[in-house]
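Here is the structure we will look at, set down as structure tokens.
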Amino acid sequence: MAKKYALFIALILVVSYFSLTSGSFSVRPAELLSTLFQIDPNPQYEILLFDLRLPRVVMAAIIGLGLGIAGAVIQAITRNGLADPGILGINAGAGAGIVAFMLLFQGQKEVTSIAAAMGMPLFGLIGGLIAAILIYIFAWHRGNLDSGRIILVGIAINSGFSALSLFLSLKMDPQDYQMAMVWKNGSIWSANWTYITAVLPWMLLFIPILIGKSRLLDTIRFDEDTVRSLGISSNKEKTILLVACVAIISACVSVAGSMAFVGLIAPHISRRLAGVEHRYILPLSGLIGMLLVISADFAGKLFFQPAEVPAGIILAILGVPYFLYLLFKQKKGENA
């Protein structure tokens, strides 16, 4: 596994390098190193790298890490390889909470104060938790959380919260509405060190909790009777895991909008490479998620100059065919 981790870390570093040096204003390798390590740095390059490009790369890495790990956990909880935070409605719930924040505090999305940056993840957490609670209420069947119902309920909740977000967005003034639309499409254009400072504690708190539950996740993938026979309170553990996932997803959505399909694609690739043990799946899912989001942000920035396509749209272009492929593959397996 160490070689696989090293491979993806190397790929992340390569894409990050090109993201830092490429664009409308290119940076040579020597200038990049001298600026990053403060060896006779050029003030122009300092502004370009430390204020504009480096925050985007760091933010993309944090978001990819969080969504990749959260997606793997959600797939384990639901025992469904097609589960994804976006499909389940958690992204939409968190998004509705953050749109409400933007409506209540007009223009606060651009405020760089730490108070405003901290407020958005909290509103997102409230929205995400409401979505998760509704999933629990409607997916609860015969004293247990029905893994099959979770997906159907999640799709309905996703539609409901998306409609609510649109309704709230229409109440904004034109400038804030335009900002909200760009954000909802999954954009990292507004990344800055304040938002990184705001989202990082959520990752440092909840990701270790999920990784610490790796052995439990290996057990939860069995049927409910087997889990109960091992003396594990399945519903209690699922609740803890789901709350941790919602917190991570809400923090990611608050600073970058909806990054669809990261939580679907990364765990699938990870399971193919790492097998069935979650102590390997979760870290690898995080690394793959980092690579996906950094690459999508870089592609949207580079290939459509002078315009810029949000990373969320690039990920959706990749994710929809992959989702249909998995759906076809699952259906084919059931008919075999």
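Cβ coordinates come from backbone N, Cα and C, glycine included.
Look at Swiss-Prot and you will find 7-27 (among others) tagged as transmembrane segment.
Sequence-remote contacts of a segment are chain residues at least 6 beyond its ends whose Cβ falls under 8 Å from one of its Cβ atoms, and for the transmembrane segment (57-77) they are 12, 16, 19-20, 83-85, 88, 90, 147, 188, 191, 195-196, 199-200, 202-203, 207, 210-211, 213, 217, 220-221, 238, 241-242, 244-245, 248-249, 251-252, 255-256, 259, 262-264, 266-267, 270, 278, 281-283, 285-294, 296-297, 311. The feature transmembrane segment is assigned by Swiss-Prot to 57-77 (among others).
Swiss-Prot lists 85-105 (among others) with the feature transmembrane segment. Residues 67, 70-71, 74, 78, 116, 119-120, 123-132, 134-135, 150-151, 153-162, 164-165, 168-169, 171-172, 176, 179-180, 183-184, 245-246, 249-250, 253-254, 257-258, 260-261, 263-264 of the same chain lie 6 or more positions beyond the ends of the transmembrane segment (85-105) yet place their CB under 8 Å from a CB of it.
For 120-140 (among others), the entry in Swiss-Prot reads transmembrane segment, with the evidence type sequence analysis.
If one looks beyond the transmembrane segment (150-170) by at least 6 residues along the same chain, the residues whose Cβ comes under 8 Å of a Cβ in the stretch are 78, 80, 82-83, 86-93, 95-96, 99-100, 103, 127, 131, 134-135, 138-139, 177, 180-181, 184. Here Swiss-Prot flags 150-170 (among others) as transmembrane segment.
Residues or ranges marked as transmembrane segment in Swiss-Prot: 191-211 (among others). For the transmembrane segment (191-211), the list of distant contacts is 51, 55-56, 58-60, 62-63, 65-66, 69-70, 73, 112-114, 117-118, 120-121, 240-241, 244-245, 247-248, 250-252, 254-256, 279, 282-283, 286: same-chain residues at least six beyond its ends, Cβ to Cβ under 8 Å.
Per Swiss-Prot, the feature transmembrane segment maps to 246-266 (among others); the stated evidence is sequence analysis. With a cut-off of 8 Å between Cβ atoms, the residues of this chain six or more beyond the transmembrane segment (246-266) that come close are 59-60, 62-64, 66-72, 74, 82-87, 90-92, 94-95, 97-98, 117, 120-121, 123-125, 127-129, 131-132, 182-188, 190-191, 195, 198-199, 202-203, 205-207, 210, 285-286, 288-289, 292-293, 310-312, 315-316, 318-320, 322-323, 326.
Feature annotation from Swiss-Prot assigns transmembrane segment to 280-300 (among others).
Within the same chain, residues 60, 81-82, 84, 182, 185-189, 256-262, 264-265, 268, 292-293, 296-297, 299-301 sit at least 6 positions outside the transmembrane segment (308-328) and bring their C-beta atoms closer than 8 Å to a C-beta of that stretch. Here Swiss-Prot flags 308-328 (among others) as transmembrane segment, drawing on sequence analysis.
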